[in-house]
Each structure stands twice: as C-alpha cells, then as structure tokens.
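Novice: Supplied in structure tokens, the structure appears directly below.
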Amino acid sequence: EENGHQNKRLKGDVDEEDAEDQNKKSPKRKIVLLMAYSGKGYHGMQRNVGSSQFKTIEDDLVSALVQSGCIPENHGEDMKKMSFQRCARTDKGVSAAGQIVSLKVRLIDDILEKINNHLPSHIRILGLKRVTGGFNSKNKCDARTYSYMLPTFAFAHKDHDVQEELYRLDRETLERVNKLLACYKGTHNFHNFTSQKGPRDPSAKRYIMEMYCGEPFVRENMEFAVIEVKGQSFMMHQIRKMIGLVIAIVKGYAAESIMERSWGEEKVDVPKAPGLGLVLEKVHFEKYNRRFGNDGLHEPLEWTEEEEKIAVFKEQYIYPTIINTEREEKSMANWLNTLPIHDFNSSAVEMQTNNKNSKKSSDPEGSDGCGDDSD
C-alpha cells in the first residue's frame, strides 16, 4: 500500500504487471547516452523541476525515460535518484550533435529504440555505453567542442552596402577572421564575456585550445561558414560574445586592441552574437579513456561508429533549422543593426591607443592584433 502502489496494481492491467516484473529483473547500471537535438523552441538543456512554463530538452528526455521503463516515475521527479548529470548546460535555442548525459537506468531490451519511440524526432539518442559507477559526465569531461554557423555577410565591412544573398566572403577577410579567432587560444580572463563574474574571479580564467572559421559554403542561395572552438569549459554566453567581438572588429566598429583590453580588469562592452547558430559538437573524455577505456570492462567514450548518424541528424534537423530561421527571422541581420549602439571606446586614453593601433594595422607588416599569447 506504500506510495499507493497496490492501488495502482489493482487498476493496472496485465501488461503493466508484466512490465513491472521485467523492470525488477533488469539491473540498474551507470551508463552514458549520446544525444543530438535541435534546440529551437526550448529554454536550454537543463530541466527546472516544477516549472512547466519553460520547456527544456531534459523535460522531454526524462518523460521518455519514464515511459520506456528505464527509470521509475519518482526518479523523473527527483533526478538525483538516478545520479543524472549533463555534460554541458546548453542555453536557450542552442542545439547539440554530441551531448552526453550520465545516469543510472534499468538496462531493458532494445533500450535505445524504446527511449527514441517516446521522443520527438528532433531529439535522438544515438548511442549508449556502460561507464564506471562513480562516473559523472560533467566532472570527467576534459574539453568541449562547439560550432557556430553564421551567414558570411556578418563579416562584411559596415561601410559597404551589402546584399545579403549575394555576399561572398573573400580570402583576405577569412584570413583576418582566423587571425583574430586564433588570439583567443591559450588562457585568458574572460570576465567581460559573461555576466556576473568580476575581473578578479579566478573562475573567469578559461583555457581555449582551438578556434577557427572553416571554408564558406552556399545553402539556399545564402553563404554560410562554421566557426569551431574547443575549450576546457565555457561560461554562459562566452562563445557568443567571443564571436560577437570578432564580428565587431572585422566590420570596423571596434579596433583590434579591444581584444587585449577585454582580458584586462576594466569593463568592456562586448556584444553577444545570436544563439541560433550555436551547436555543442562534441565532448571529450581523454583522461577517463586513458584510465578506463581499455581496462577490459569499459569502452572508451569515443563515438566513431555513431559519426554517420550524427552527420545525418545535423543535415536533417540542425542545419535546416539554422538556415530557415535565419532566412525567416533574420536573427543575424537584426543583431548586426544593434552593433552601432555599443560603446567600444570607453575613455579618451583608450581612443588614443586605438588610433595608434589602427595606423599599425593599416601597415601590411604591422601587428595582427593578437598581442602576447605566450600563456
């Protein structure tokens, strides 16, 4: 009678009893799930229990886990009971091609198929692996790789009259974009690239391993490019602000010296690019793989066999959403119109520095604006 289970059984039919019997036989095991999703229309990844107003990816995931019989209903209400942990807490509207969650589930037959049957088509579980009992997907993650897909007209100089569909990125501008993106590599103080972190907060220091913009490509008559960034971890809005600042510099709204200044203690006005194009591509577990990946009991957390499924999902759900939303809602074009209202020159002293730097950068042998990236 405890928790009303007996009443439920009396009402329940034979199928429900069969399912319960099978669940009792299925042992609970710690696993990771490889997830892909299109984030449009969701308020991010992380579930806010008790708040049905803002739908999240985890709301749909937990519901599918309960309905498929992997977890009991009360675990859905209190996620700690299944030791649930997401690797990255993606923001509102952000998609993922390689998100990882760790949790304890009953290893029922055809588990992936059953979970996917209860998920909408724009959320898929693409893989599952057993992990060690103490595994925590957030803490064991060494690095995360994100991509940001944007229309290339975002890089057109502000003084040029540009027709969005006809714009094509030239080699020289792409090289300049990549020189600026490379400046982020290493460890810097990114307090200006997020909110609620002061310049002396140690957690504002972040390590970036790689950042570059790939070759442009045309989709539905509009040219796009994808920026990829790999870092140990990122703060809220950090990547969007990193990209926003580079766009502001390339378009001619801000001097290259603002980048160096943004890592200092003063407050710098850093614009935040739209969330639409941001995708969590991959999460890395290098240390875990070295320790447990070949111990004979556990598999390394690599997903080479799932790469084709990931690519198909991106082509089917993520890229079309970004392209169609951009064309319909013009999120990048509208955001670019807000750049002139940002104050990129905070004081007279800085304006003088900017003038000196702009003279340098007009000299072909001058600085590429990276400053000392020795760390």
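Note: Cβ is positioned from N, Cα and C throughout, glycine not excepted.
Those TrEMBL annotations? Automatic predictions, nothing curated.
As annotated by TrEMBL, active site, nucleophile applies to Asp91. As annotated by TrEMBL, substrate binding site applies to Tyr146. For 184-286, the entry in TrEMBL reads domain 'Pseudouridine synthase I TruA alpha/beta'. Look at TrEMBL and you will find 1-25, 352-375 tagged as region 'Disordered'.
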Novice: Taking every residue in the domain 'Pseudouridine synthase I TruA alpha/beta' (184-286), what is their average pLDDT?
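Specialist: On average, pLDDT over the domain 'Pseudouridine synthase I TruA alpha/beta' (184-286) sits at 95.
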Novice: Taking the recorded positions one at a time (Asp91, Tyr146), which has its Cβ surrounded by the most other Cβ atoms within 10 Å?
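Specialist: Max Cβ neighbours within 10 Å, all protein chains included: Tyr146.
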Novice: Between Tyr146 (substrate binding site) and the residue listed as 'active site, nucleophile', how many Å separate their Cα atoms?
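Specialist: Rounded to the nearest whole number, the Cα-Cα distance is 12 Å.
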